[in-house]
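Asker: Got these off TrEMBL a minute ago, pasting:
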BINDING   74, 117, 119, 120, 262  Mg(2+) binding site
């Protein structure tokens with residue numbers, strides 16, 4: 001079946017464009033200078049204007065195009081009319097050219113659950129650690145994460161800043177690496193795209209773990225693994241990207257705190273390239289709407 005006729009691939013193609021729109025919103029809020037920060041449960045559990053606007057954009061855009069979906073977002077927002085400028089109607093045509101894995105070709109819209117983290121790494125976002133930030137849209141079927149999109153709004157932002165500095169000095173422009181932002185996507189049975197898969201250097205055992213939500217158990221667990229190096233960064237999406245790009249061997253977080261919207265999309269990308277994401281006991285994660 002042509003992917004353009006399957007619900008799953010049309011949804012992934014829409015989620016790709018919608019995630020890009022959300023990434024633009026995240027960048028715009030920083031540029032405007034008013035983050036609108038509020039504490040949710042504690043000083044490390046924050047919400048910003050970017051979280052709110054990006055979730056409104058993602059959930060409203062998905063619901064308009066796929067009204068029978070179950071959509072679960074991180075932020076608890078009041079129902080209100082969404083500004084038309086937050087709506088993204090387009091689809092990424094390159095995804096529609098890909099074949100839909102046969103096991104998903106007859107999925108119905110109402111069978112799918114979409115888990116949305118509009119801004120993963122909010123604390124780091126408020127502190128200017130912008131390369132930690134991702135937008136996550138994960139798609140689950142029968143409790144299993146099967147497709148996902150990760151947008152990195154500030155991928156290459158350091159290179160981009162260097163390019164702007166060179167342009168200001170009338171020096172030669174940087175190459176294509178200075179393009180700001182990127183979107184990674186994947187579907188189980190098809191693959192993952194938008195990045196270069198790399199292995200950790202041979203003989204190295206590098207752990208990535210939380211930067212903002214650590215405790216004694218997390219620290220003891222990481223230490224017990226006797227790693228050669230430990231990376232402490234923000235965002236579940238960001239840490240999974242470290243794995244697939246060869247910056248870390250394993251992501252370890254031995255503590256409550258991760259939610260389904262943190263892990264659904266990243267899990268798909270990791271599983272699509274041969275990795276594995278489980279709870280601390282090795283059990284697979286469930287993504288039913290009432291999980």
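Even glycines carry a Cβ here, placed using N, Cα and C.
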Asker: Sort out the sequence-distant neighbours of residue 120 (Mg(2+) binding site) for me: same chain, 6+ apart, CB within less than 8 Å of its CB, listed by position.
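Answerer: In sequence order, the residues whose Cβ lies under 8 Å from that of residue 120 (Mg(2+) binding site) (at least 6 apart) are 133, 134, 135, 136, 235, 236, 237, 238, 262.
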Asker: May I have the list of same-chain residues other than 74, 117, 119, 120, 262 whose Cβ is within 8 Å of the Cβ centroid of the recorded Mg(2+) site, in sequence order?
Answerer: 51, 116, 118, 121, 122, 134, 135, 136, 235, 236, 237, 259, 261
Asker: Counting only residues 6+ away in sequence within the same chain, which have a CB under 8 Å from the CB of residue 74 (Mg(2+) binding site)?
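Answerer: The answer is 51, 55, 116, 117, 118, 259, 261.
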Asker: What number of additional C-beta atoms lies within 10 angstroms of the C-beta atom of residue 262 (Mg(2+) binding site)?
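Answerer: Taking all protein chains shown, residue 262 (Mg(2+) binding site) has 24 Cβ neighbours within 10 Å.
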